[in-house]
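*Asks:* Below are the structure tokens for one structure; questions will follow.
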Amino acid sequence: MLRNPPNEALLISVKLSQIMQGSSLKKREGTAVVPARGRILATVGADFDLRTLRAVRVLRPLKLVSGIPSLQVVLKSIMKAMVPLLQIGLLLFFAILMFAIIGLDFYMGKFHRTCFRIDTGEQAEDFPCGTELPARTCPNGTQCREFWIGPNFGITNFDNILFAILTVFQCITMEGWVDILYNANDASGNTWNWLYFIPLIIIGSFFMLNLVLGVLSGEFAKERERVEKRQEFLKLRRQQQIERELTGLPGVDLQGRTHP
């Protein structure tokens, strides 16, 4: 933290004003600006903290983008793809919401049943169970009951729309979706569960998420083509300018050969 922020900020302003050495007009502007800055900074008080201005230093590496054409192409491609990506994100959200509502109808409350010991009442397993076949039944000496927190500390379930959306999103990312499928098979049997999870993976993961890659690759190709055409145009214009300059010289043809 600065010891005397207003005074030191005033010195910074003076230093910045000294840079304006291009003309007498700029000097006069700098002379007029420095007192104004001083009055403004003096009114802030001793508690003024310029650490926020120091944080702007982290943006200095962004200057490298202007010196690397390939990075410019990538960043411009991402910026131009924002609108299509938002449209794809909205479509993906509606797909997740649709599968979450279907999951509420099929699996609400079924991930909280597991096997408990009959004699002690302690939890015997950490997997869902069912009371009727084709669900997974408990072994002898145990009973399938509710009031289990559920898989993944109770996060993976279809009890409400929020947890259902989170569970569907986890399946779309293909991170642990097989465990969710096995838990659904243990809770309700494996007869019809594939009709829910297989379309979820195909539509959500293989189709929707690949649309994002398709949009980015398409915008990158168009931006790279635009840059190449611009370079060709600048090269052609430079060549035409050289030819015009050569035509004005006596004894020189368009190919630059001199005549005696």
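A Cβ is built for glycine as well, from the same backbone N, Cα and C atoms used for every other residue.
Dumping what TrEMBL says about this protein:
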- 46-226: domain 'Ion transport' (DOMAIN)
- 85-107: transmembrane segment (TRANSMEM)
- Asn140: N-linked glycosylation site (CARBOHYD)
- 161-182: transmembrane segment (TRANSMEM)
- Glu175: Ca(2+) binding site (BINDING)
- 194-216: transmembrane segment (TRANSMEM)
*Asks:* Report the same-chain neighbours of Asn140 (N-linked glycosylation site): residues 6+ apart in sequence with Cβ closer than 8 Å to its Cβ, ordered by sequence.
*Replies:* none
*Asks:* Taking a Cβ cut-off under 8 Å, which residues six or more beyond the ends of the transmembrane segment (85-107) line up next to it in the same chain?
*Replies:* 157-158, 160-161, 164-165, 167-169, 172, 184, 187-188, 196, 200, 203-204, 208-209, 211-212, 215-216
*Asks:* Mean pLDDT across the domain 'Ion transport' (46-226), rounded to an integer, is what?
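*Replies:* Looking only at the domain 'Ion transport' (46-226), pLDDT averages out to 83.
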*Asks:* Other than its own, how many Cβ atoms are within 10 Å of the Cβ belonging to Glu175 (Ca(2+) binding site)?
*Replies:* 10
